[in-house]
């Protein structure tokens, strides 16, 4: 898996690195002919002042108009994609893709081992949940003296509590992993397609042709998605095989046992009947117990409410929108193809939509009706827990 992670990180370079094409153009290898429209000298001349590797920096594009004044007009239209810091432009697409891929890799890698999985769950899930539970209890106590302040505080805590549970349940689900991988794949594929639509005419024909080296990055990015589907199918097949083997073993034990007389057959049936039904019953009970989370009453209340279901499926819709929007926003269908922040406005829009749903749904749900502390239980008919 570590080798696969390294290969995917390498595959991200030609996908997200528009700085590679700009650096190659800004520092072309010796012997490259520059047309007069780009050279600014009035004629085609030979570029010989670059002796290093053109793509020496994968994260930043070194640009200084004083050193290369010819490229100032060319890169002026692309500078909006980078954050200008001194004489360096930082490509956030590379940073975003690398962070997303690294998070998904280490998150799923740590979940493979019991010790790391338990530590991760304790640090990111259990401890914040315990703190929110303590704050919830304190808000209930403050309601007796400060009703309005206590209810407002309780409302804010329950909003955070609900969002915390929904997000981590979504990330722990199989669909959450697939959506994160698909989001990275869609963004990277859009970058490859955009690079094929090269605006520099001297490289348009070469960049428009798909070769083995251009297809390999897509194959490497698709591999985690294929592995995730394969893992899902293998789990289902193993579960079906295990259930079938349990049933066949119990039936075979009953069929192969001799029944010499009626008394022995009755005794045999009394002994074999628990053997037949005990294993499937225990499996069913364990699966039901695992489905019912052994959390606090507040967590069980949140998971059984309708805002939890709405928010859970809303995350699916928002990530599906991001998967569709990012390739379209970076294509030639939009004017702001080279405006990075305009193309990525969907990220804060998705976050804002999620929190707006949380704020609207929580007070009108069973969470608000049954959990809001009230200083006068007889009047409201609510029991303070």
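Heads up, residue numbers simply count up from 1 along the chain you see.
In case you wondered, yes, glycine gets a Cβ from its N, Cα and C as well.
For 1-22, the entry in Swiss-Prot reads signal peptide, with the evidence type sequence analysis. The transmembrane segment feature in Swiss-Prot is assigned to 94-114, 148-168, 209-229, 309-329, 344-364; the stated evidence is sequence analysis. Sequence annotations record features per position, and here Swiss-Prot assigns N-linked glycosylation site to 187, 248 based on sequence analysis.
For residue 187 (N-linked glycosylation site), the Cβ neighbour count at a 10 Å cut-off comes to 23, with all displayed protein chains included. Beyond its flanks by at least six residues, the transmembrane segment (344-364) meets 155, 158-159, 162-163, 306-307, 310-311, 314-315, 318-319, 321-322, 325-326, 329 of its own chain at Cβ-Cβ distances under 8 Å.
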